[in-house]
């Protein structure tokens, strides 16, 4: 008896200590990354303190000493609020504001008389070290999966540091200070542009970096400190271009779900910014040196700019009008499974966005031409406004581009559930023993309910959900799948996406085990798909909840003439039954549907110790997939419906310019990069554009 108790006690203690070691390993890794961030912050604080001390020592300016002591006092208050009163938000807000302010002072105070001082050189090296540590910390956080991306335009940290930096610029003359404040606004717009993954965000970043160190922009006296401020703010949104798995509507949620008045005011605000840029561009007319070039050029391209931006503002206004209609439906049926993106698709928003993308491109082109014609290298305010307008129009272009690519795709789904997960020695599925039938029926019913919920939530037309305890014959499955693959919409064309779900017994090679000893190979299914799809550009997504889905996931990556994806499950075979139940068919379906139908889920596919893992693969051309684009007649009808008659001549120009395909080189390079990413750096979460995502552990 004592031996049994001693054995049970020692066994439980061993399990507890093993689990504690695993938790400690995970916590230690997370803590190490967090401490790396603290180290970067402390290193930056030391650099700021040393830099301000050098400036006070060399200039004997008592104001620097007062501000320096006040800054340390404020940081001390922030620490007290954090550790003794648990006021984390107030503490972090106060410290971030002062970090931005003190770093701004370090930038703007003149250091020309002591550039070669040892302490000043040490400050520069500390700032460079802070840049390296900040980039390393952000990269490790994202690689380790410790960052949970949330939809936001600007984080509180970014906003407060930008405000603090702008306040520090008031130590300069009014004109120089205004130039820097506008530059800070441009940096905020660039951060939002990157976080939204706009199509032209990277070119905007390059342009901003090139123009940043123009003398006319009143670049601070300490370019290293300015580079530290710039890079530390840009690092997170730049890395999130790859690491963020948020869909288009999730990224734009702070804007799309904003109230009607706020969105209308944003259009008015955008119009004021555009008008200010045009007025500043007109200052070029004072240049009498090249009057024979400036006056005709500004007259011609200024008129072109005005017409394009009238269209630009009307396009934004029309977009918000249609979005308001979508909001009415959304808030009326919030209890249903109708999300805003699906409502926008049903309201024809995709067609509107595809045409608007072309129109906003004209605005970008007109802004670039007008900026080149009225270039003022000695006017810092003009250049700052130019850097504000570019990301603003880039975001509008990116919004229409991405919504046009992800909205409006029709889809149809078919589910097959064969609850026969026991095999005879020759590999044929056999019926389960009677004592397991009830349990299996409950599990299979749960799978059917889950997949039907998935179809209903994402507004996927349901062809059928077949459930067969005795299995399906090859001929029966052949007729059903062929009928499914040749389905068309009510209007006549094929659906954009076909979703096939299968849960049942498979062989080790991934083949579906059918009744009568038959099997269904992936090659056979692809041949049926080619036969029915023909020259159309529809997609096929196969979702497998089976024990041997990995072979199909690997095999689909070799297909190069179709748009096909396979989402599979991987069941861990060796599981400690005292810690977790062994995985069963249906567990993956339950988690995957919950992940795609509940935005507040807590499912982490990369979590250690998962008994059911996800794996997916896509064909080589998957990233090239695009929906139907509007024709020239579609653009003409849209123009006549939304814009004044005076702008009609631009219809022919729009059709002609879009027909030139000016970005064919960029699109080709972008397509190659996307193919490279999908083949070598397959993302953990892949947005299908239909509202749901493919995932891998």
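The backbone N, Cα and C atoms fix where each Cβ goes, glycine too.
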From 111, 548, name the one Swiss-Prot lists as N-linked glycosylation site. 111
Checking feature assignment: transmembrane segment per Swiss-Prot, candidates 121-141, 142-162, 331-351, 352-372. Which range matches? 352-372
For the annotation transmembrane segment in Swiss-Prot, which listed range does it cover: 2-22, 380-400? 380-400
Could you say which of the glycosylation sites 533, 598 has its Cβ with the most other Cβ atoms inside 10 Å? 533
Do any residues, 6 or more residues outside the transmembrane segment (223-243), come within under 8 Å Cβ-to-Cβ of it, and if so which ones? 44, 47, 51, 100, 103-104, 106-107, 124, 127-128, 130-131, 134-135, 138-139, 142, 147, 149, 155, 158, 161-162, 165, 187, 190-191, 194-195, 197, 201-202, 205, 212-213, 677, 681, 683
Which of 36-56, 265-285, 380-400 shares the most C-beta pairs under 8 angstroms with the transmembrane segment (172-192)? 380-400
Would you say the transmembrane segment (89-109) and the transmembrane segment (36-56) are in contact under the rule of three or more C-beta pairs closer than 8 Å, pairs 6 or more apart in sequence? yes
What whole-number Å value do you get for the CA-CA distance of residue 533 (N-linked glycosylation site) and residue 598 (N-linked glycosylation site)? 32
Against which stretches of its own chain does the transmembrane segment (63-83) lie, if we need a Cβ under 8 Å and a gap of at least six residues from its ends? 45, 49, 52-53, 55-56, 90-92, 94-95, 98, 101-102, 105, 109
Chain residues in Cβ proximity to the transmembrane segment (380-400) (below 8 Å; excluding those fewer than six residues from its ends, i.e. six or more beyond): 175-176, 178-180, 182-183, 185-186, 189-190, 192-193, 196-201, 204, 207-208, 211, 214, 216-218, 252, 255, 270, 273-274, 276-277, 280-281, 283, 312, 316, 319, 353-354, 356-357, 360-361, 363-364, 367, 371, 374
